[in-house]
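Some notes on the structure that comes next.
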Amino acid sequence: MRSKKMTHGLEKAPHRSLLHALGLTREELARPLVGVVNAANEVVPGHIHLDDIAEAVKAGVRAAGGTPLEFPAIAVCDGLAMNHEGMRFSLPSRELIADSIEIMATAHPFDALVFIPNCDKSVPGMLMAMLRLDVPSVMVSGGPMLAGATLAGRADLITVFEGVGRVQRGDMTEAELDELVEGACPGCGSCAGMFTANSMNCLAETIGLALPGNGTTPAVTAARIRLAKHAGMKVMEMLERNIRPRDIVTEKAVANAVAVDMALGCSTNTVLHLPAVFAEAGLDLTLDIFDKVSRKTPNLCKLSPAGHHHIQDLHAAGGIPAVMAELDSIGLIDRSAMTVTGRTVGENLDALGAKVRDADVIRSVDAPYSPQGGIAILKGSLAPGGAVVKQSAVAPEMMVREAVARVFDSEEAACEAIMGGRIKAGDAIVIRYEGPKGGPGMREMLTPTSAIAGMGLGADVALITDGRFSGGTRGAAIGHVSPEAAEGGPIGLVQEGDRIRIDIPARALDLLVDEDELARRRAVFVPVEKEITSPLLRRYARMVSSAATGARQR
């Protein structure tokens, strides 16, 4: 066992002395030592309850004959970090989470690990660490928040974001917004729609690194506590059988994850996170693979923000196993992929009797919302390296559109124009210098997209950026434009009034300016250089790769 490096042998007597100082007995040190990585904090609603999950995990580890040892991980709430300087630090936290766990689990060689994340970057960060360390591991997340119940009906955080635009437009009073503010987020859990956190938690289950039910079991239920106990017990089985994360994360898992991603209509942030996660296992997930899978995978779900259903509805309809079973019926799931249950995907689906219980929430493959998946990859003269759009959340009128460029070099400048009523139907808002390097940090553009939707412009205005979007964004929001402006990409050459053509079915994004004019602009182009006062962000800007490859740190 790995832990013998610090518990066994004459020369490890000082190590044992330190471990006894923790209150551990000889009997406890004789058992496998299981690290429990807990991202609990009192800042993030999705993490406020994770101590309860950790206690359940530790109970499961002890029940199966192990000794649990808990240590912390950081987590950022993207909602609280939105639309200010803090959002620059969200994506960089992904690698920081992975690195810090690698440090802790190598300095203190545990025999196995249980990972407890919940919100946006904590899930991919922990998955990256899990694959990097490759010791027997299980992930169990904190679970989704329930949707809010308000006088106007069901609500979630995105309802509040869009409410700001509705007040600005005059469709909602500030008193009505206040009522929404207090009711939209009723308690603990990751925000209730198919936003980034829930997208990644569902995909962790799909990949096989979390138990069935991990992605959709509500945070406030006893079933979530039982799931955590089972995770603690299951990691001991993984240790006994020496099943490691890289035994599970193979090309088969990649194919399953991308197919389910497309069927669910997950966040576009999965196009950043999945390549970064799979790279830790030596696997290359490209934009072309995403698009190839999207073209043949039906979109079976329209969860908030694309529709009115929430994660609790997906859970009641059969959850991720039901979605996988539906895709399996047309050969889009590899049933032979291994999982942390110790069984294959196919064996899990059979044992669970996986089936769709509500065909309104999970459509049949014979009657999907769309014959193609939720995400599309666009390329063209404006994005030769690629761009990403959640096509399942785009209004039909915006699938093919020629628009007039309104150019802004920051999110703040664009928001000021939107809120000031200076954006009109037929415009394409271009926000640049918000990419991984140019931001730096690749901020989410949820505030401007929510303002567009709230002001009733969602079917008339596009937003194009080298930044990224929240999983809660809807509309013609095209992000991850590569190369980014700071790297000399064509988005840096766009001028006010240029015409841009969007053709999502044809996967095209083009700047309608002739090549001679672009050459003249390129000859005098000088990228905007921002003053970066944060040492962390300076390092990040130097080390980060393109969004087209997952914005990984080199």
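One-based numbering along the chain as shown.
Glycine is no exception: its Cβ is also placed from the backbone N, Cα and C atoms.
Worth saying up front: this structure is predicted, and the values here are computed from it rather than measured.
According to DSSP, Asp78 (Mg(2+) binding site) is assigned to a helical segment. Annotated Mg(2+) binding site per Swiss-Prot: Asp78, Asp120, Lys121, Glu444, in sequence order.
Taken from Swiss-Prot, the feature [2Fe-2S] cluster binding site applies to Cys119, Cys191. Under 8 Å, Cβ to Cβ, and six or more positions away along its own chain, Cys119 ([2Fe-2S] cluster binding site) finds Val44, Gly46, His47, Ala75, Val76, Cys77, Asp78, Ser190, Ala197.
Positions annotated as N6-carboxylysine by Swiss-Prot: Lys121. The C-beta environment of Lys121 (Mg(2+) binding site), restricted to residues of the same chain at least 6 apart in sequence and closer than 8 Å, consists of Ala75, Val76, Asp78, Ser90, Leu91, Ser93, Arg94, Ile97.
Applying an 8 A CB threshold to same-chain residues 6+ apart, the list for Ser470 (active site, proton acceptor) reads Asp78, Met82, Phe195, Thr196, Ser267, Asn269, Glu444, Met445, Leu446, Thr449. Sequence annotations record features per position, and here Swiss-Prot assigns active site, proton acceptor to Ser470.
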Other residues, Cβ within 8 Å of Asp78, Asp120, Lys121, Glu444 Cβ centroid (Mg(2+) site): Val76, Ala81, Met87, Ser90, Leu91, Cys119, Thr196, Ala197, Asn269, Ser470
Inter-residue Cα distance where the pair is Asp120 (Mg(2+) binding site) and Cys191 ([2Fe-2S] cluster binding site), in Å: 10
Structural state of Cys119 ([2Fe-2S] cluster binding site), classified by DSSP into three states: coil
Residue among binding-site residues Asp78, Asp120 with least C-beta crowding, 10 angstrom cut-off: Asp78
